[in-house]
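Peer 1: This is the structure I want to talk about, given as structure tokens.
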Amino acid sequence: MNTKHVTCRYFLHGVCREGGRCLFSHDLATSKPSTVCRFYQRGQCAYGARCRYDHVKPCNGSVFYPPQEMAPAPLESTPPLLPTQEAAAPVTKSAPQRREKKSVVLRDRDLCGASVEKAHPDPALRPGCAADPPVSELEAKPHSYLEAICTGLDETPIPSAYPDAPQQLCPFAQAGGCHYGESCPYIHGNVCEICGLQVLHPYDQEQRGHHEKLCMANFERDMERAFAFQASEGKVCSICMERVYDKQSPSERRFGILSNCHHTYCLACIRQWRCARQFENPVIKSCPECRVISEFVIPSAYWVEDQSKKFELIEAFKQGMGKKACKYFDQGRGTCPFGGKCLYLHAYPDGTRAEPEKPRKQLGSEGTVRFLNSVRLWDFIEEREQRNLPDAEDEVAELGELFMHLSGVGEEPPAASN
């Protein structure tokens, strides 16, 4: 079925979203319904510029839509009466007196007098239209609820969605390139000598100083990392005799730095050494080469040899470990064997930190002093309960054999001599 000869009703209302792909006709010459707003010609359109119909003023000879409640008299048949004629005219009782209706004040005064101005030059004698009120009165009294709501909105400037757009730096130029070029509404900043990006505001000196300071700090940090990587590249582990950065797994490319020693070890080898149980505690805590005891091992991605930087690394390591809860203390439910020397957090469930216990001292017979951990009575009871006691039956059997041996039972008598 061909629908091109049928006028699209959505196009008549101005809301057809198909455009050129529409199957119906968009030719207004063949459309019968009028798209002219009748309420606008009456001066009563409340939609204003948002109306979907055409707001066209009627020309001379065009059809004028009067208000529905008004019934204007014909202009040619009944001439208007002058004030003197109205006074002399006889009043007849037979003629029904029609109640005079209130005239409608049009919003557009030119619209009211466009078709009647030539016939009735006097504004007071225009039919269907009252005398024009003063302009100030029209402006003071709104004609509809919509107009009353919108009063003053047209004069108020609409704030821009980007009030500081001319003062902002272009984010595309900061990232490396803006394809808008000179037509970009944002400012293209000056090029920073350190990072090489357009991030310096040409007018804001505070922003320029802040960025230069931040950029210089990042540059110094990157240079320190580059020097640290260069110093760590050729380090060889003293246990496995392999270069640390040449290991296959990236997780193994870390150094195990001893707190009191400067020998090089990879983290996996030195941890394996300190976890051995076949040696005494002072042996496994000491360096495999110089035998200097170190309390802990610090994992690091770079080798640190300077003593000041090593102290900074140790403090950062302690602060990081101090934020993790100790699994032996277990929020007060357990006992940590390391006591106050533990690097992990000893805190109760409410967040209160536990005070480190003072170590107990014991003086030996030879004058030596030993530090003891917390001693509890239950430890002695548990040790006694777990002690292997001799079986009573074994003791009875052993005593019986001893008694029989002493009494001479079971021994063969000596042979009689001939």
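Including glycine, each Cβ sits where the backbone N, Cα and C put it.
The following feature annotations were taken from Swiss-Prot:
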- 2-29: zinc finger (ZN_FING)
- 31-58: zinc finger (ZN_FING)
- 76-100: region 'Disordered' (REGION)
- 164-191: zinc finger (ZN_FING)
- 192-221: region 'Makorin-type Cys-His' (REGION)
- 237-291: zinc finger (ZN_FING)
- 320-349: zinc finger (ZN_FING)
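Context for these features, please: burial, neighbours, distances.
Peer 2: Within the same chain, residues 35, 52-53 sit at least 6 positions outside the zinc finger (2-29) and bring their C-beta atoms closer than 8 Å to a C-beta of that stretch.
Over the zinc finger (31-58), the average per-residue pLDDT in this prediction is 79.
Helix first, then strand, then coil: DSSP counts for the zinc finger (164-191) stand at 11 helix, 4 strand, 13 coil.
DSSP labels the residues of the region 'Makorin-type Cys-His' (192-221) in these numbers: 17 helix, 3 strand, 10 coil.
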